Amino acid sequence: MTKSRKILAANVSSRCGEQILSRGRAEKVLIGGALTALTLVTVCGNLLVVISVCFVKKLRQPSNYLIVSLAVADLSVALAVMPFVSVTDLIGGRWVFGRFFCNVFIAMDVMCCTASIMTLCLISIDRYLGITKPLTYPVRQNGWCMAKMILSVWLLSASITLPPLFGWAQNVNDDRVCLISQDFGYTIYSTAVAFYIPMAVMLVMYYRIYRAAKLSAAKHTIAGFPRSAERVPAALTLRREAGDRKGASVFRREQKAATTLGIVLGAFALCWLPFFLLSTARPFVCGTECSCVPLWVERTLLWLGYANSLINPFIYAFFNRDLRATYRSLLRCRYRNINRRLSAAGMHEALKVAERPGSAS
């Protein structure tokens, strides 16, 4: 290391060292318990998703491959990122894992979190195409197509981690501090690709699905008005009732897609928006050498973002009956005949919908 770089490192260490917090025993126990619980629940929830889709035949559909990719990204956050952040927070923010591993850790953190965010974006596009192109999109939505999209998400996520490793923007890295590069250009590039662009795409997809559901609701309401008492041939009545049932089914599917994506988008924005606003503004406010933001603020917003990895598997289980039933079976250790039970439950639900009085209106 040259003399100038040593002086720079010393200056960074002295300024960033003021951010190191002193924690008491009770505080460490409380924080450690909370972070451990958050990490374990995140691991278990996403592991349930992976196991469910991989071992239950009914869930092995191309659209669910995106859910598996999301679960793998969130599981990677819980296993490869959260433990090191937990240890660092327990000792007051001091980085104790060395300079080399600092770069590795930042690369893993950025790649896994970005892959999770981009997969959420891809799911919103998948849902939109499934709703607006119900006849043509399922034909093209095969396993190979999904695999290529998932691979592209992970490659793009990995590309964001490369600049600091190859000299474009150096991470803030010394014996006490490990912070992602605060270079102005890299900050704008990384936050735009990792968050702002996916967020914009998700907003557009949600608006379009919401608009399609609203139009469908209007048509469904009009179709529900009583018709004139004129005599109608029986064949025409049956054809009309079949069309009404099909329209009701489309309406329910669009409503469910709009509700699911709305909750996913809301949880995503609540968890990640504060962190990325801070990350974008930080180098312009604090400069490129260190962070002047109070450590407790940074850590709170960072863990709020990580919490999105905990929430995702429960959101999708809440809106997916088969996934929810598989969770229950796995948690009760009822592994045998899961596929048969799900098929029987699906058939029973289809009969209930067909026999529902309002299904023909």
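Glycine residues also receive a Cβ, built from the backbone N, Cα and C atoms like all the rest.
Note that the structure is predicted; figures quoted are calculated from it, not measured.
TrEMBL lists 45-316 with the feature domain 'G-protein coupled receptors family 1 profile'. Note on the domain 'G-protein coupled receptors family 1 profile' (45-316): mean pLDDT across this stretch is 85.
Here the transmembrane segment (29-53) has long-range neighbours at 23, 59-60, 64-65, 67-68, 70-72, 74-75, 77-79, 82-83, 85-86, 89-90, 303, 306-307, 309-310, 312-314, 316-317, 323, 326-327, 330-331, meaning same-chain residues at least 6 beyond its ends whose C-beta is under 8 angstroms from one of its own. The feature transmembrane segment is assigned by TrEMBL to 29-53 (among others).
If you look up TrEMBL, you'll see 65-85 (among others) marked as transmembrane segment.
According to TrEMBL, the feature transmembrane segment maps to 105-125 (among others). If you look at the transmembrane segment (105-125), the same-chain residues 6 or more away from its ends with a CB under 8 A from one of its CBs are 66-67, 69-70, 73-74, 76-77, 80-81, 84, 97, 149-150, 153-154, 156-158, 160-161, 164-165, 171, 178, 180, 190, 193-195, 198-199, 201-202, 205-206, 261, 264-265, 268, 272, 305-306, 308-309, 312.
Taken from TrEMBL, the feature transmembrane segment applies to 146-166 (among others). Using a Cβ-Cβ cut-off under 8 Å and counting only residues 6 or more beyond its ends in the same chain, the transmembrane segment (146-166) has close neighbours at 62-63, 65-66, 69, 103, 106-107, 110-112, 114-115, 118-119, 122, 180-181, 186, 189-190, 193-194.
The transmembrane segment annotation in TrEMBL covers 186-207 (among others).
The transmembrane segment annotation in TrEMBL covers 261-281 (among others). Long-range Cβ contacts of the transmembrane segment (261-281) within its own chain (Cβ-Cβ under 8 Å, at least 6 residues beyond either end) map to 117, 120, 123-124, 127, 180, 187-188, 191, 194-196, 199, 202-203, 205-206, 209-210, 293, 297-298, 301-302, 304-305, 307-308, 311-312, 315, 319.
Among residues of the same chain six or more beyond the transmembrane segment (301-319), those with a C-beta under 8 A of the stretch's C-beta atoms are 35, 38, 41-42, 45-46, 48-49, 67, 70-71, 73-75, 77-78, 81-82, 85, 113, 116, 120, 256, 259-260, 263-264, 267-268, 270-272, 274-275, 278, 327. Annotation source TrEMBL lists transmembrane segment at 301-319 (among others).
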